[in-house]
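> I am attaching a structure below and will ask some questions about it afterwards.
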Amino acid sequence: MPFKMSRAAYASMFGPTTGDKVRLADTELFIEVEKDFTHYGDEVKFGGGKVIRDGMGQSQATRVDGAVDTVITNALIVDHWGIVKADIGLKDGRIVAIGKAGNPDTQPGVNIIVGPGTEAIAGEGKIVTAGGMDSHIHFICPQQIEEALMSGLTCMLGGGTGPAHGTLATTCTPGPWHIARMIEAADAFPMNLAFAGKGNASLPGALEEMVLGGACALKLHEDWGTTPGAVDCCLSVADDYDVQVMIHTDTLNESGFVEDSIGAIKGRTIHAFHTEGAGGGHAPDIIKICGQPNVIPSSTNPTRPYTINTLAEHLDMLMVCHHLSPSIPEDIAFAESRIRKETIAAEDILHDIGAFSIISSDSQAMGRVGEVAIRTWQTADKMKRQRGRLPSETGENDNMRVKRYIAKYTINPAIAHGLSHEIGSIEIGKRADLVIWNPAFFGVKPDMVLLGGSIAAAPMGDPNASIPTPQPVHYRHMFGAYGKARTNSSVTFVSQASLDVGLAARLGVSKQLLAVKNTRGGISKASMIHNSLTPHIEVDPETYEVRADGELLTCEPATVLPMAQRYFLF
């Protein structure tokens, strides 16, 4: 006679199973388990009197025989491809299997072999996501990296050299000398890092030397002069060397309007930063570019989501970040031209329908590096409350909306920047850059962050206590963040061209240098998973009202948000 358990008892012991629903933090977002890859009655679980013991759930297999290095048991995976319950097997710092873990000598259907050399991470009742990627980083201070890691980010792409005024305003590392220093500095950090060179030039020579010097992308920024000539030149170099181009267009419309920038792009693939415009770009209608099939549009998180405080904080932020003076009327006019409640409200809806593809931070330069996940899920929650369930949802859940929003800071930036063969999702063969969450703290405070299969960060109690949990509990680096484990657990992404000319040997860095690939004609807006809509966008030049395919896009600002003061004292 099979043993029967109530759903509540089963979920308490092994985590939710098919058909069970889980609330994400304090939002109105509810996910439903679509499939359970574990086997009822043969689940593996670690602990006293539990299954993963010698001769039971643990086999005699050696590592050579196929035993994994780490098993995450009974995890609820939330990814762009599905919301499923499964065990996850990690080996050599990569995901090698998703399915049923255990001992094949005593259990059927095992595709993840647990052996004496296998570590166990208890995933029961936990959510596992791919590590987040922030593709809009101003490398103003190295302390950003710890902040990002502790929030669940495992890859940061952008530019800068520290608190130089060029870096305070623009996301680029100018010149091969600075790029080399940043790649060397990357060895010190438990984080996958990637650096963009400056893309503003009318002749290719200086851009080519940056790509050959290790830049994995080129950034066009209006503060360096984003003219049609610079746009064309930069994209031509990118096409030759297979690196992505990110663009921040001309707010003042000095060298042309949005149509001129679209013309200069000539249908080539490009990542458009803060496409709404508050972060910069042709005023007031840069948002129109999100309807172009070759443009990958993204947001930075200060405008995510639209709240009663959004407009008020932006003016001061903008004055500081772009080296403007409140005593110069032209500087104030420049700042005010970028801040429009109508386009910010429309941005919420464009994210919800999948027309904006990526959310990033704009770290310390009109953005908060530790709030990429929080702002993403706050936007999703606001849209559910204001717009209801997505028409594409099936069942009494928010699975489709959750898949759409998690893709915005995991797989889609990875695809856009040529990293998706390594990171961005929980798939076999990819790096084991994973984040484990308690559902009540989902998107806010991770339980554990893994880099290349090693635990790099986690909340930890008093090190002198008799158990790990006594106060003060706060985030601390773990062993994966120290010594050679740090440089063996994370990587630096560069151009293939730089590797071909011997960059690794020339710099002698400890981290592995990996090449970006397929950033040009092989991808487009259509490549953005769950976020590929290309509506025709119109902006009224006087009222700033935004329409998509003729429909007015507007919503009220939020007065209260989830994932906020309930979780933070400060």
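The backbone N, Cα and C atoms fix where each Cβ goes, and this holds for glycine too.
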> Just to be sure I read the record right: His248, His274 are listed as binding Ni(2+) 2 in Swiss-Prot. Which of Lys198, Lys219, Lys288 is listed for the same site?
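The one candidate that Swiss-Prot places in that Ni(2+) 2 site: Lys219.
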> According to Swiss-Prot, His136, His138, Lys219 bind Ni(2+) 1; identify which of Asp348, Asp352, Asp362 is listed for that same site.
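As annotated by Swiss-Prot, His136, His138, Lys219 share the Ni(2+) 1 site with Asp362, chosen from Asp348, Asp352, Asp362.
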> Give the sequence-ordered set of same-chain residues, not counting His136, His138, Lys219, Asp362, with Cβ within 8 Å of the centre of the Cβ atoms defining the Ni(2+) 1 site.
Ile137, Gly158, Gly159, Thr170, Thr171, Met246, Phe273, Thr300, Ser360, Ser361, Ser363, Ala365, Gly367
> Please list residues from the chain of His322 (active site, proton donor) whose Cβ is under 8 angstroms from its Cβ, counting only those at least six apart in sequence.
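Within the chain, His322 (active site, proton donor) has Cβ neighbours under 8 Å at Ala169, Asp223, Gly280, Phe334, Ala335.
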> Drop a 10 Å sphere on every Cβ of the binding-site residues His136, His138, Lys219 and tell me which sphere holds the fewest other Cβ atoms.
His138
> Restricting to the domain 'Urease' (131-570), report the mean pLDDT as a whole number.
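Across the residues of the domain 'Urease' (131-570) the model's pLDDT averages 96 on the 0 to 100 scale.
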> When you measure from the Cβ of Asp362 (Ni(2+) 1 binding site), how many other Cβ atoms are you left with inside 10 Å?
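Counting Cβ neighbours of Asp362 (Ni(2+) 1 binding site) within 10 Å gives 29.
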